[in-house]
Amino acid sequence: MGPGVLLLLLVATAWHGQGIPVIEPSVPELVVKPGATVTLRCVGNGSVEWDGPPSPHWTLYSDGSSSILSTNNATFQNTGTYRCTEPGDPLGGSAAIHLYVKDPARPWNVLAQEVVVFEDQDALLPCLLTDPVLEAGVSLVRVRGRPLMRHTNYSFSPWHGFTIHRAKFIQSQDYQCSALMGGRKVMSISIRLKVQKVIPGPPALTLVPAELVRIRGEAAQIVCSASSVDVNFDVFLQHNNTKLAIPQQSDFHNNRYQKVLTLNLDQVDFQHAGNYSCVASNVQGKHSTSMFFRVVESAYLNLSSEQNLIQEVTVGEGLNLKVMVEAYPGLQGFNWTYLGPFSDHQPEPKLANATTKDTYRHTFTLSLPRLKPSEAGRYSFLARNPGGWRALTFELTLRYPPEVSVIWTFINGSGTLLCAASGYPQPNVTWLQCSGHTDRCDEAQVLQVWDDPYPEVLSQEPFHKVTVQSLLTVETLEHNQTYECRAHNSVGSGSWAFIPISAGAHTHPPDEFLFTPVVVACMSIMALLLLLLLLLLYKYKQKPKYQVRWKIIESYEGNSYTFIDPTQLPYNEKWEFPRNNLQFGKTLGAGAFGKVVEATAFGLGKEDAVLKVAVKMLKSTAHADEKEALMSELKIMSHLGQHENIVNLLGACTHGGPVLVITEYCCYGDLLNFLRRKAEAMLGPSLSPGQDPEGGVDYKNIHLEKKYVRRDSGFSSQGVDTYVEMRPVSTSSNDSFSEQDLDKEDGRPLELRDLLHFSSQVAQGMAFLASKNCIHRDVAARNVLLTNGHVAKIGDFGLARDIMNDSNYIVKGNARLPVKWMAPESIFDCVYTVQSDVWSYGILLWEIFSLGLNPYPGILVNSKFYKLVKDGYQMAQPAFAPKNIYSIMQACWALEPTHRPTFQQICSFLQEQAQEDRRERDYTNLPSSSRSGGSGSSSSELEEESSSEHLTCCEQGDIAQPLLQPNNYQFC
């Protein structure tokens, strides 16, 4: 019967089961050796069909209701599951048998070398074992024995192979099936798995800008961008139904394929105008979006309003005047102006500037709430762009209900009642005569009515009330009767009752109590004095008290902190220094509570030492609690100890006079103004970073005409909108610090490494405070000083800062707080922790890498600001911050405090950044031609030379600094 084993399959002569085919041999699995003869017979009620793995070695015989599948030379490729079905059976019954061809040389039979599925479907890799004994040691690996990706969920079936459940796009790899045979791993051939993205619809499109206007000859750019989860899609840009040939740029971002078409027009002309459409399509369909490009001959500026330019409003009501502006180029300036006639004051409107349809149309709103009589008149909106000035004027007239008065007089010898009524619109007048004495004739019997359809107009000027006069001639006054003058217009009505008493008569307006002038005067004075007393009491309660911001933690449980009472800290007499050994100089800064004075200390540290120091002291009018607060600050500083990046305590005078706290003298002033001076030196006063679109700049304290107070102890220059100086600027030669002096303050241009240097040193100082369980509570660039060698030192200068006039400190309750630097939990829950200091440090980083901009530029501190903070709003990346530095800021601004990094982690990261910067030198400063010593000096030589000059600078403030050119600033 030939080599191998002959398996005789008996023909079933009877039908077994209802509607289910029968396979002989009737076993679920069959194991044979290579070269064996295998015969499989299937019998059913009708015709039957076989289904199984494809193989060239099978022979098929059909005989009515039976079908025979046979081979005389079985190979590993015959391994698989064979299923017999009866096509005509409505119940769909079937029978199956699994065949193993046990080939030691070929342990795996791979039925397909490529498998394609959609994402989140199960992917079956059909590698079948030829020997069931090997099932215990099977596994799935990537090619070359690499392990599977994490979170890969798979299972194995000896009849079907490996199944990767809910396959992901990232799992598109080449895989191999592995089995243990004789203690060694044997691999199948590779199977490529392709996991395709599920395409939800046509590609997403963006066309920028949504509308475009250009003057003939200007440059223009139109960007058409399409993205999809699958790379197989087309995109094109067409102009007025003409497809444009534009090079395509491709990218893969956020798990989406992106294709971008950019049309650049160097000089636009009228033929470039028209409709532009961005069209993209894939297997799911087509998507398109359009924009209109308008080319004009010259600049234009159009003003219009949907409102009537002549407005009438009842006094006390509100009005919003709206002007729609259509302009190109954009506005260079705009304002609302009051043109009279009542007063020369200008309105202080609440302006709402909202972009309506597109970039070139705006709506400006002048809000006039609760209109007063003096606010009637003409309001003009003026706007300017390169196309010229335009104005739109509204005329506002106020409507008033009539005011009425009546007097008795004689005209041409006849007794006459004279009624004067004023209001707008012009009032009509009616006379009534009624019986009895009453305030209104509605309450009595009306005897007679006279209408005056044409009262005499006494005055009628634009925007004023109209005053009319009506005369009623009365021959004889009936003393038991009332004469009433009524006036009415569209707004309301008014009346005055005239009641004859005797031979004369007196009048009184209805519902009005009569007081003697003496009683009224006394009551007015008493009310005024009471209000004045309440105001003084309120001001006293609102006045901020000097307190030390720094807090030292004694213990904590969760977010509940117990702080050490600084008054209970010991004071070591070793810090005591003789008052007579201090020679005071100029005042460095003065605030609401005290001042800081430059001084020379003789014998501090060493007997013959002469050292320049800064001395903190209170004002002579200080209260006892403020004296206690300064003493607490002294105790905290002595408790913390010394650190290079803290403004260190050098000594104190606590006996025989007011308390004096002696600290290090920092010659370069505070970090905030240092950065702002650098920004001005580099970019100029009108080109500093963050220029306001209306023509102003964010550095409102930087002007060429202004003088600067030298910030030796951390006090800023005078006249800053957002940062208030603690004393007026002196113009004397001793106290002023001119801009020429500032230009000479530092001989080396600013580089990225300097900003990293400042950031790292502040982080080290904060890490030191954190290690001492100290919370700063006011981490900001204004509270960081720079001393010799540009060493950054952290301090607290609340003593000498006028927080009443510093807009950085916002009133919350009875306190003034730097809310733009505060963490959400500090603002809303009054919780201060080391983690809240980390948030503030992130704001300080933003200040450093924006070169001294005010945080949250353009955002006022109001309810919207608090909502932004609560919702997790984060400022944009500063212009001079590398991406990884901005990542630190974002980590510091995590809403959950426990998710913020520690200061130690920040230190480590910044030190690594500094080392990387030294290696790569991506950001460099060009050597200044004005610098002595030649232009060929290396940066390290310049740095050493600059460092050697720091001490001279600190003592004399007199070294030359090259101008910072924009191209020296390589890290923006």
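Glycine is treated like the rest: Cβ placed from N, Cα and C.
What Swiss-Prot records as N-linked glycosylation site, among N153, N734, is residue N153. Of the candidates Y61, Y257, Y546, Y556, Swiss-Prot records phosphotyrosine for Y546; the remaining residues carry no such annotation there, which does not rule it out for them. Note on Y154, Y379, Y699, Y866: Swiss-Prot annotates phosphotyrosine at Y699; no matching annotation appears for the rest, which is not proof of its absence. Here the domain 'Ig-like C2-type 2' (107-197) is broken down by DSSP into helix, strand and coil counts: 12 helix, 45 strand, 34 coil. The residues of the domain 'Ig-like C2-type 1' (21-104), classed with DSSP into helix (H, G, I), strand (E, B) and coil, number 3 helix, 42 strand, 39 coil. A mean pLDDT of 56 is what the model gives for the region 'Activation loop' (796-818).
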